[in-house]
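Student: Mind looking over this structure? Questions follow.
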Amino acid sequence: MLWLMVGLFAILVALGTPLAFAIGITGLFALVQSDGPSLIRLVPMRLFSGIDMFSLMAMPFFILAGDIMNRIKITDRLVDLANAVVGGVRGALAHVNVLVSVFFAGLTGAAVADTAAIGRMMIPAMASQGYNRAFAAAVTASSSVIGPIIPPSIIMVIYGSLMQVSIAGLFAAGLIPGILMALSLMGYIAFRARRDDLPVANLRGDVPPLSVALRRAIIPLMMPVIILGGILGGVFTPTEAAAVAVLYALLVGLFLYRNLGLRDLVTMLYDMVRASGSVFIILAAASILGWVLARQGVPQQLADFLLGISDDPLIFLFIVTLALLIIGMFMEMTAILIILGPILHPIAVSLGIDPLHFGIVMVVNLNIALATPPLGACLFVASSVGKVRFEDVAWRILPFILVEIAVLAAIVYVPAISLTLPRLLGLG
Amino acid sequence: QSVTIVLAHEEPADATTSAAHMSAMVFKDIIETRSNGDMVVDIQAASTMGNQRERMELTQADIIQVNIAAIGGLAQFYPAINAIDLPFAFPDEIVADHVFDGPFGDMLAENIYATTDLRLLAVTAGDFYVFTNSTREVRSPADMDGLRVRTMSVPSHLAMMNALGAAATPVPWDELYSALETGVVDAQHNPIPIVAVGNLQEVQRYATVTNHLYGADWWVTSDLFLNNLTAEQMRIFTNAVEAARTAGRGAKMGLRATQFGTAFLEENGIQVYAPTPEELSQFRDLAAPAVMSVLADEIGDDAVALAEAMLDAVATAEREIYGAD
Amino acid sequence: MKFIARLLHRIARLVETITAAPLIAAGAVMVGVVLAATFSRYVLNDPIAWSEELARYLMIWIGLVGASVTLRHGEHIRITAISMLLPKPVRVVTDLLVAVAIGWFLWVMTLEGWAAAERGSRQMSPALGVSMMWPLLAVPVAGALMLVQHVIQTLLMLLGAQNQPEHESPMGGGPV
Ligand code: NA
Ligand code: NA
């Protein structure tokens with residue numbers, strides 16, 4: 001039965017069935033096939049209960065907040081700041097691309113959205129300064145994975161809700177790995193800059209002085225401070241923080257920049273509905289499949305299999321990392337989290353791996369998979385907004401992916417990278 | 001013919017820390033050994049069959065044969081059962097067990113059957129709630145003033161905490177640890193094993209042994225299942241249920257004495273206070289009337305009648321067990 | 001043929017508008033309720049008891065019914081790279097098979113969802129104290145609206161007049 005399900009799912013996905021339906025149809029098929037009383041009534045029950053979690057609300061909220069930020073052009077000031085920080089070094093715009101991802105990371109929480117927003121802006125700019133377009137797209141796609149690693153992060157919210165791990169703790173644990181990722185990518189870019197003689201020129205010719213750029217960027221930079229400060233200070237929960245982020249962006253747009261109207265609000269709420277629709281239906285459908293798999297004892301079998309290989313936490317992490325890199329190239333990451341997370345997380349904890357550490361490993365891992373050829377979603381978006389052949393981006397991104405895998409290995413091997421900050425803040 | 005019984009509960013599949021799982025194991029052992037393999041029990045722990053509401057529905061549909069429910073799950077189908085959460089109704093678990101095993105329990109079972117089509121098999125593994133917080137030692141209601149107390153989104157729980165002077169705050173379970181940790185809320189109430197499941201002892205400093213609520217495991221099944229049993233299978237089933245009821249109660253007491261009693265809280269650096277009878281009556285005088293009026297206003301006369309019948313049954317049980325008042 | 005395609009597009013857009021308007025309002029209420037609850041608890045020290053449940057049920061409506069809006073725009077996340085390798089006539093057949101399978105799922109979602117909502121009318125939500133039918137109704141309503149959009153999109157596909165997705169959704173929607 002299990003192999004029948006795997007086969008059906010693989011065929012459906014290969015034939016281009018939207019993932020939510022491929023998952024749902026496979027689950028429904030398994031329910032209809034099972035003997036005993038009819039289980040078909042589980043379909044609506046699971047569709048409902050699978051998303052009946054308050055903390056999932058952070059997802060539409062962060063999507064909305066990010067959308068408002070873009071619309072009121074708060075994000076332009078972050079690009080200026082990145083320019084000012086990097087100055088006129090060789091390969092400046094490539095460095096700016098990475099730095100903007102770091103600054104954006106404090107506002108948004110999804111890598112594909114970062115790729116689209118930053119790529120639209122940076123890839124043409126880099127190309128006009130003489131960068132290879134595919135290289136520019138590769139920098140964009142690879143650095144966009146920083147977005148969900150540095151808090152706030154939609155995928156961490158989902159992880160924390162599903163696995164009952166402190167979301168505030170995950171946010172704190174992601175900060176240093178995210179910065180490490182950015183520094184490693186910039187280190188590699190510096191190496192390439194010298195070897196390939198990348199352009200020195202900046203975005204708009206003249207760089208604003210750092211102090212000016214910093215002052216102008218204070219308002220967007222305050223947002224992550226308010227979000228994290230409010231969570232750690234006990235003012236609001238991580239879910240409520242997402243709503244506060246919306247409020248902050250709204251207040252800035254309505255009263256400070258005054259470039260936001262009621263019409264824009266309706267449009268952005270509409271975009272939020274559309275985006276929620278594409279993610280929640282996957283979570284809902286995956287909970288049908290999750291029920292079926294649990295009923296068949298698959299989690300236990302997989303756990304026994306993994307523990308049968310070795311009960312060394314490092315070897316376990318190595319196997320999981322490798323498997324997720326491969327699966328993550330083919331499957332949507334929320335779906336992976338909801339199906340595999342509840343299986344892998346308890347094993348990790350039973351092996352003595354810190355829940356926050358394991359959470360960060362999974363989040364970093366799945367995000368790298370988003371930019372990994374042949375099927376990473378960020379690659380497709382980067383190639384489409386950068387107007388460059390997909391195969392070229394896929395080829396150019398390989399060294400960047402290797403750098404990111406090296407960072408992942410460091411995060412796996414050195415738990416302190418993830419755990420120092422949450423421990424300092426008393427978050428586990 | 002052979003029978004498979006799916007028994008669902010929400011606690012971890014670990015009989016050394018969960019009384020529900022221990023009682024489920026006893027049930028399984030008796031069914032399978034006595035029936036000589038004719039009947040099989042498939043224990044589905046850790047909510048794998050679904051959440052409280054889903055498991056009730058699946059039991060009604062005979063997809064789950066035996067479900068271990070909590071009051072919160074039952075209340076969505078039979079709201080009057082909120083009457084059981086009348087604070088300080090039960091002086092100790094011996095009296096509580098006596099009440100649920102006696103005529104009051106029978107009446108309750110009939111009411112549940114009339115509204116939900118589910119048969120109440122047993123009320124077992126009961127445990128009292130303690131109150132914990134991170135701010136100050138709470139000896140009497142005066143000390144609760146202004147504390148933000150997390151409760152479930154249940155009107156009677158909210159009313160009780162508000163009546164005691166606290167600010168009742170609904171927080172979902174999956175956000176509770178971090179809400180206590182960062183100070184979004186100061187306090188919560190739960191039985192000690194639940195405190196341990198959520199690691200809440202790490203983020204709380206004071207505990208008050210108020211024993212204000214009595215949370216138990218409610219075993220339910222359906223006629224769809226029972227009607228298919230042969231007389232011999234029925235006999236084995238009844239035997240196993242009775243044994244599981246006894247085992248659940250014993251397991252809970254054993255866990256309290258060895259792992260999840262007040263000693264567990266103290267070992268984790270929590271200062272534990274047991275209120276005097278006078279202080280307890282201060283709590284009761286504020287909390288009980290508040291919950292009574294929620295029952296009357298928001299649920300209805302059947303809930304009030306149930307609460308009054310329960311108080312009578314408690315008084316009777318106390319007389320029977322401990323002699324004249 | 002062109003006329004039929006235009007008509008179908010128009011129907012799809014009308015259904016979407018009727019669907020999206022209340023969802024947009026629900027989204028605004030959801031944000032407002034969570035903010036009000038935060039304010040009331042932290043500033044007034046007077047927590048609201050029902051806010052969490054109301055916001056959660058609105059989210060479920062937005063998430064499930066919103067999927068029908070996503071469907072009309074062809075933004076559901078999927079992988080088309082492999083099926084593109086198939087020869088055109090084969091792809092028409094496989095696309096139809098996939099469409100039938102999706103239709104089956106949505107049909108079950110609608111019918112069983114309705115039955116579940118009916119059962120829910122005898123259940124009560126813990127905090128708001130309303131019939132569980134109202135939150136549970138999100139499933140059959142979403143199923144029916146998705147079915148409508150799915151049938152229209154399938155007909156448009158057969159006519160070769162399907163919409164191209166307009167932009168990527170923030171979580172990576174659209175064919176990749
Ligand atoms: Na982020
Ligand atoms: Na970037």
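Quick reminder: no glycine exception, Cβ is built from N, Cα and C everywhere.
As annotated by TrEMBL, domain 'TRAP C4-dicarboxylate transport system permease DctM subunit' applies to A:6-417. For A:46-66, A:102-123, A:135-159, A:165-191, A:212-235, A:241-260, A:272-294, A:314-344, A:356-382, A:394-414, the entry in TrEMBL reads transmembrane segment.
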Student: Under 8 Å between C-beta atoms and at least six residues away from its ends: which parts of the chain pack against the transmembrane segment (A:241-260)?
Tutor: 57-59, 61-62, 64-65, 68-69, 71-74, 107, 152, 157, 219, 222-223, 226-227, 230-231
Student: For the transmembrane segment (A:394-414), I need the partner stretch with the highest count of C-beta pairs below 8 angstroms, choosing only from A:46-66, A:135-159, A:212-235, A:272-294.
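Tutor: Between the candidates A:46-66, A:135-159, A:212-235, A:272-294, the best contact partner of the transmembrane segment (A:394-414) is A:135-159.
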Student: Report the listed stretch (A:46-66, A:212-235, A:314-344) having the maximum count of Cβ pairs within less than 8 Å of the transmembrane segment (A:272-294).
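Tutor: Ranked by Cβ pairs under 8 Å, first place goes to A:46-66.
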Student: Short question: which residues 6 or more past the ends of the transmembrane segment (A:46-66) have a Cβ under 8 Å from it?
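Tutor: That would be 27, 107-110, 113, 152, 154, 157-158, 160-162, 167, 237-239, 241-243, 245-246, 248-249, 268-269, 271-272, 275-276, 279-280, 283-288, 290-291, 338.
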Student: Are there residues at least six beyond either end of the transmembrane segment (A:356-382) with Cβ under 8 Å to its Cβ atoms? List them, or say none.
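Tutor: Answer is 111-112, 115-116, 119, 123, 137-138, 140-142, 144-145, 148-149, 153, 155-156, 159-160, 163, 165-166, 169-170, 173-174, 177, 181, 317, 320-321, 324-325, 327-330, 332-333, 336-337, 341, 344-345, 348-349, 388, 390, 393-395, 397-398, 400-401, 404-405, 407-408, 411-412, 415, 418-419, 422, 427-428.
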Student: What is the pLDDT of the domain 'TRAP C4-dicarboxylate transport system permease DctM subunit' (A:6-417) when averaged and given as a whole number?
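Tutor: Residues in the domain 'TRAP C4-dicarboxylate transport system permease DctM subunit' (A:6-417) carry a mean pLDDT of 87 in this prediction.
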